[in-house]
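A.B. asks: Take a look at this one; I'll ask things after.
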Amino acid sequence: MTADTTAHHSQEDGSSPNALKKLGHALKPSTIASKLHRSSDKDEDRQDGDLPEQGKAAQRTEQKRHEKEEKERRMQQEHEEVERRRKESDQRAEREEPAELRERYGELRHPGEIALLDDVVQEPEGTHVVFRARIHTQRELSANLNFLIFRQRGFTIQGVLHEGVSAHMIKWVQRLPDESIVQVSGTLQRPPKPITSSVDSPLEVAVETIHLVEPSRNIPFGLYHGEPPPQRSRLHNRTLDLRHPTNQAIFKIRARILKVFRDTLDELDFLEINTPKLQPAATESGAEVFRVNYFGRKAFLAQSPQLMKQMAISADFGRVYEVGPVFRAENSNTHRHLTEYTGLDIEMSLKQDYHEVFYVLDTILKNMFRAIASMKNELARVREVWDSEDFVFLDETPVIPFSEAVQMLRDDGRDVEEEDLHTPDEIRLGQLVKKKYGADYYIVDRFPKSARPFYTANDGKTTNSFDMFVRGQEICTGGQRINDPIQLRQSMRDSGIDEADMEEYLSAFDWGMPPHGGAGLGLERIVTFYLDLPDVRLSSLFHRDPHSLPAKQPSLPHPDADTTKTYDPEHPPPLENLIANYGDATNTSWLDDRFEIWRDSETGAAIGYVQQSGKFCMLTGDPLCDDKQQVEVSRRFLEFVKHDLKLKPVWMLVSEEFQEILAEQYGWRTFSCTQEQRSDSDQVTSEVIQNKKEQRGVFKVSEVELSDDFKRRADKRIEEWKNTRSSRGKQVHLTEIAPWRDPEHRRYFIAESDPKSRQSNGDAENGTGKKQSNGESDNSTSDGEPIIETLVVLTRLSPKHGYQLKWALDFPSAPHGAIESTVQAALSAVPGEPVTFGAAVAESFVTEHGIGGFRGKFLEKTYRSIVHSMSLDKKAGFREKFGVTGERTYICYPKHAIKAHEYGEIVKFFE
């Protein structure tokens, strides 16, 4: 929209500047806000003095909460006021306008045929057009004049609402926010004065009808007015940012580069391939790979398709190329590094020497440069935001030996070693090359061995390899590969790479590998450096760098059980939901019948306890509340224990953080002889994953939904399991076997076998399938229904703690390895989630607060005696198969609360 064009139409309308200003702001939220805010500002000031005295930090938190709530209230009032005025305006239009005028605007009801704006901007004057586009911006001048710029896929055209439209129609359009999608019909006309704003047609659309397809809501920034927002804000709101015509132009150029790459290589008889991105070993350097859990085994995201490309050459493909993602775990936060980018890779058999590779690449790149230079409109769009000089490349590309490049930099006064070039050196070299050769594109050849991967052919000092540069920045690395298997193995040993992880790759060389070479280009770098953009992230659709995928504060699965919010004391949040919001493994035992539940009247928080021996209040696990509330909640609970129960509290299996609260706030004694055992699925042993009996079909592992029939079959097996356990004497445990409680937060996994198949394989524990030596009957069923061999139950804990493997029941006569396979299936069902196996004895006894000397030694001796006599460390062997790591939990009690002969009460609680 230009000032000249606006002035011309304004003079025809005859409206005064003041009237235009008022009408231009009609019904805008900003004009309503100040009126709504005045009284509420006073209310807010008055409320500030009423904040409770909870310390400065608590006051600030409370103040922020008040401010947030007040802002939300104001926005709601503002929205309601806008909607009220809009409704009044629409009602007035219905009364005053004839139906035929009302049909020319409003919500879209009949889509009809539409043209692309790409085509509309090419049409001649007088053409009637119907198209769909976004409102890029609009200039509101009066009740009878309004200018808009419409935008679609990076193309823009000016529209005008003036002759033949009603004031109500203009006002309705003025209320539409930028970025709303509208369907427009009108006639292309030449404006009174040339349009000087950035549009793709010298004509404008005289709008006849305009209908709303979909409004925009709460956009963080506009794409037209003023200076663009900071890059961080634009990348954070990338979908909106990508709509900008400049970004549309960048990605059209990017797409053209990809097409030229493919077309050129197809003409040169290359075959496109697609290699897997999950690899068994690092391609280049173990420190730069992303490791993933591949069904419990180690795998890596490919740093490049390098290994597979070479294997394709051994497979006699001759010449191959690939376009695909490349992953680099480099913690580099520079303008030219990404952790995931699009790689353009080639590999080819060689006839004479490795220079054949860069002759091919030279052809590809020059074709790309010519194609980009032909995209005049797109280049102009980009330069509207990021100006750049014309890109220069020569018919004969400068090829500079690495040693000569180093000398050029030294002659320039830079201290450069003959190892590799750092980014500042590369940029400066580009400036020197431009000055000497007049070119923005060149090649540096014969890099030293220390700067190249293990597979690069070399003479012991220098390599048959090269880099290609655009405006002083590297876009490509390539060269000849080692094809002799003996030399390759030696190079791997020298680089510290284990041959055992590369067997498949090495076999391609043992079976005969022709001389070959290849290269990898970074698509984002080509785009960025050719266009001279400030950051490679601008050439990536949704970039990935070390700061991507930030850790977010997990939301509570049950907002109605948020203890930081007000609640109805008559209807406190269910205990099950509090466990899912705040709980760890120990808290799940509070669902057992023996636990009583105390509720905090102020927050709705919960604490489970058991009254024992008429003296003690036995507690397990942290309070179920927000971490910031633990001090106040525990204080109120301990007052309840003292005054109401009149018992001595013993708080067990609590976290390190909560035991610090008990020690520092109340002076309690604390020690640790237990730990929460959390699983690291990357450390699972291979026999757990590769169970031969499961592979042979002796049993099948699956997740099941609860049904009456399943519970009936499982209950029968659980009773058999209990009978077997009862014969083993005294057991130590915290929780009852009650898998059907709280099914909303539980998942069930089983191993099942077919009775006939299992008996024929002789896989029962005693190998017979007949009556067991302990008097149990054969567990196969008369009707031949599948036998439940194992049951594993996962319980949902707080977002911070993930899941608990609540029960892992290995039923009598189950095939060997079935329970391990079932547990692993459960772990694999919740990838990326922490999983705890629950509490277990720790390897050592540790005193923390207030315990030392004789008492500490006595406790440690007693602890070791109990562990040995009751075999409490037996679970360790099973759990170690799943890579568990221990996280200490603590036992805490007030000073003088437990006498020496009363420590047995702790063991008694778990019997």
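For all residues, glycine too, the Cβ spot is worked out from N, Cα and C.
The compositional bias 'Basic and acidic residues' annotation in TrEMBL covers 1-12, 38-49, 59-106, 559-570. For 758-783, the entry in TrEMBL reads compositional bias 'Polar residues'. TrEMBL lists 251-554 with the feature domain 'Aminoacyl-transfer RNA synthetases class-II family profile'. What TrEMBL records for 1-106, 548-570, 751-784 is region 'Disordered'.
Context for these features, please: burial, neighbours, distances.
C.D. replies: Within the model, the domain 'Aminoacyl-transfer RNA synthetases class-II family profile' (251-554) shows a mean pLDDT value of 93, rounded to a whole number.
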A.B. asks: Given a Cβ distance threshold of under 8 angstroms, which distant residues of the chain, six or more beyond its ends, lie next to the compositional bias 'Basic and acidic residues' (559-570)?
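C.D. replies: Long-range Cβ neighbours of the compositional bias 'Basic and acidic residues' (559-570): 577-578, 580-582, 600-601, 603-605, 624-626, 628-629.
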A.B. asks: Where DSSP helix means H, G or I and strand means E or B, what are the helix, strand and coil counts for the region 'Disordered' (548-570)?
C.D. replies: 3 helix, 0 strand, 20 coil
A.B. asks: In the compositional bias 'Basic and acidic residues' (59-106), how many residues does DSSP call helix, how many strand, and how many coil?
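C.D. replies: The counts are 42 helix, 2 strand, 4 coil.
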